[in-house]
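**Q** Below is one structure. I have some questions about it.
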Amino acid sequence: MHDTEQTHPLHVPRRLQQPVQLGAQQAEQFAATFERLAAAVDTVVLGKQEVVRLALTAMFAEGHILLEDVPGTGKTTLARAIAAAVSGQWRRIQFTPDLLPSDVSGVTIFNQASGAFEFHPGPVFANIVIADEINRASPKTQSALLEVMEEGRVTVDGHPHQVPQPFLVVATQNPVEMDGTYRLPEAQLDRFLVKLSVGYPVEAAEIEVLRGTHQRSPEHLPAVVDTDTVAQMADLAKQVYIAEPLYAYLVQLANATRNHPQVAVGVSPRGLIALTKAASVFALSQGRTYIVPEDVKALAGPVFAHRIQLAPDAAMRGANGAAVVADAFDQVPVPLPASAA
Amino acid sequence: MRRTRYRLRVAAVAAALTLMCALAGAVAARVYHGQLLTLLVAGAALGAFAIGFALRNRPAFLAPSVSATGLAAYLLGAIALTADGTEPLGTVIVDALVNAVPRTLTALIPVEPAPDTVIVPVFLTWLAATLACEFAIRYGRTLLGCLPPTLLYGAGLYLVGPNAAAGTLWAIAYCVLAALALAVTAAPPERRPDRDAKVDGAAPSRTPALMGAVVTTTVLLAAVAVLGPAVARLVTASPGDPREYVEPPQLTDIDLNPLVRIAEWAKYPEQELFRADTSADAWMRLAVLTEYDGTTWQASGDFRTAGTVIPGSGEATYTADVEIIELGGKLVPAAADPTAVTDLPIAVNLHTRCLLTPDGLATGSAFSVDSALVQVDAAAAESARPDLGDGATVVVPPGTPEVMATIADYIRTEFDTPYERAQGLADFLAEHYAFDAEAPSGHDLPALGFFLGDPIALGGQRGTSEHFAASYAVIARLVGLPSRVVVGFDVPAGASTVTASQGMAWPEIAFDGVGWVRFDPLPAAGSVPSPPEDTLEKLEEETPSEEEESGGGGEAEDYNDEALEQDADFAEEAAAEDDALPRWVWYAAAALVLACVPLVLKARRALRRRRRLSRGSPAERVAGAWAEVLAAAARAGVKVPGHLNAEEAAARLASLEADIGALPRLVNAAAFAPEAVSESDAKAATAIASGYAKRIRHQVKRWKRLIL
């Protein structure tokens, strides 16, 4: 029955027909797996539970992660820990100014023995791709990621090549040292579901880091889930129920960023979809089968802030996307019953 | 079910508005004779509304055209019904259409239902009903629908002017009907803009709207109770009357000052004035004179044109068929109080209820007058106090002769009660003065002083009824009794010719609760008057000297003071009794209504709380519990802005130090996944909300506890 519905050309997703279709048991299983995975990553990345959970949320929402912070805060460690915790194929690309697009996507080489051109996949053909210091590569090379991040395939010499699923790009960049770097274009930024900042650990966590420097390494992290499980969990997240008032709430939030006086370009519909997907995973990670405004608020900053292009004068005055998002939340009423005016 | 309720609601609005239109139209009918106009306007309201209601779902252009046709037919019917048939119907219709407005505004009161006087009220009623139906039924704007009948009501009041009672019950009935129509169509909670109403969800309750209507009505009633008497006093003090723009009948000198005719009548007693065929022995009044300026006695108030029926009179108990012989002027003889006059155009002085014919009396003109004879309760008058309600009846012009003050002192000294003083004054004049038909006419103060004080040898102390009545009235006022002078005739029962010898003037005194009482100061026929000086000198001898007065206070002075105080008491009590209800009653009623407001608010809140926590699905009850918690917190001064989500709201409420437990999680579920909310969740939420208000009660300000 379920298959029939899915293959019908006029199929209406079941979540539009029935408010809540996910069972509580499924949600609890999701939450438990999510928590196991997060706990595993937490053993390597100490004191960053929130960032870890946001990163995992992005992974299950089939989005990509941009980690931006000063050097040495654990960006790459986090990316490697996530890759290690998922027993899939992962690759790391160290972006440098001389890196070519073919170094990322792969090349077609003539095989003299077979007398035919053969495609040699690049490092992007993995379940988890760590694009370290992505802003050091030239825009041309950065753009090589556009297609694969959006569509999950690479086109070389006119031939499309599917990357393995699930596919997750975890990119890192350093916001301080800008010499010899190329700022990611808006289109590229929009491809990342979340932009996270790891930040310095708290004192206790940092002491703990020092104490076990040699013991905690992503290489030693056993895989907690496999890629099939990740794919199943991502599918499960698509069934999370979203109440009608929340759709309007989300759109009003996006409009609030678009109409904000300090903003030149507000949140795109792709950003809105990304927030919806992320909120769905976030709700499920807490054992809930439906989204609530708290989920939206928890994720709006990481999902929206990097997509907002500030007006030049606002940028000069030090405004930032996070503040714009906070303003938007202050303007839009939550669709709760009986909120006092 | 929903359709049935809708139809019932529409039908209720239609019925209320139809009755409002009929009521508003019938307001004007109070100055019309009979009930015909009431029936006509009621029919117009019903007909117009029936047409509008029947065509409510048809194209909008259809209703006005059909309604106009119906109006034309109805007006034709009304004209045919009220026409007397003496002229062709076409002529009557044209005449009525051309002259309807001016004749309606200036018609004699009570207005006879005639073609030209019924067209305007019927037309306006039909128009108001049509508009009300269009606004309220077709377009669903009930408040706007109330406007046309309200304007009609106002127009009716303007037409009535001061010629009918205030009609408080009419106004109350009208307001009740309007409130009913508005309450029936009050917006259901889900359509109201406040988000509080969304709690009701799919099963809205009409209770808030009804309670709102009740509270609003209560406040309005309180305002009416407080402001009503003052406003009503203002309104009744200067009511607009369209007839005031009509020039009143002009009086000739002989009518302005009819007392001068007494001397002429006394000189020629054989003169035949009119023939009368009456049903009883009665005094027929020609004029009532209340204002005295020291020179002439004059009637107060204007004459208004009237129809055959005199408004405001009781049932006729006396009839008189009159045929004029030599009686001139415009004043019409009639027994008090006239109720109807036939065969003579009449204007009536609403103040004194005297009659006047604008064209003047002519020899040979015959008419009949019906009257409701005024019966004076002599026993009640003896113990009654003077009626000081009309200030004009106690005004004494300056320069009264000393003899008048002396007589007034004598009367005050000799008699105690008002009635005794009135009768004593009449007896005093009758005993000490003589009737003389030859006495020169005149009733100004010097003439009255001559009549009262000059020696007989010089022609004083004798006079006609003019002198007796005028002197009596002035001295009565000096004593503190409200007085007036009436000119009229003593007409016996049956057919007779009234001659000038029957014409006379007499004084009347107003007693509270009794009315005007006639006194006769004329001496009995054949009696020999004793000089008044003897009696008055005796009084002076009994009066203490000035030394005695300054020493211990003379009895006469004390008595006079006491008498004055008594008169003042009379005046105060008479003024107080003017108001049907004492002012404190109004204030007490207003205070009571205001005291009820907190109770009503509390009852409304209790009902809302009950509805929120016990009605609807589990999700709705959880949402209701959330609403209750937020409302309680708002009363305690912690308001939750609309942009905060449930967890943030809970953090905000934490300052009240009253735990709301899992309520944020539950309300999220209720709002965004209602099916996930179980019965136990609803009970848990209800339990949290039930105790929350009590837990934070000590943080709510006292005045809020009282009214919220």
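Placed from the backbone N, Cα and C atoms, the Cβ positions cover glycine too.
TrEMBL labels come from automatic prediction, so no person has curated them.
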**Q** I'm validating the feature mapping. Which of B:144-161, B:468-485 is tagged transmembrane segment in TrEMBL?
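**A** The listed stretch tagged transmembrane segment in TrEMBL is B:144-161.
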**Q** Count up the helix, strand and coil residues in the domain 'Transglutaminase-like' (B:457-523) according to DSSP, in that order.
**A** 20 helix, 30 strand, 17 coil
**Q** Of the listed stretches B:62-83, B:118-137, B:584-601, which one has the most C-beta pairs under 8 A with the transmembrane segment (B:36-55)?
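**A** So the stretch in question is B:118-137.
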**Q** Determine the mean pLDDT over the domain 'Transglutaminase-like' (B:457-523), rounding to the nearest whole number.
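**A** On average, pLDDT over the domain 'Transglutaminase-like' (B:457-523) sits at 89.
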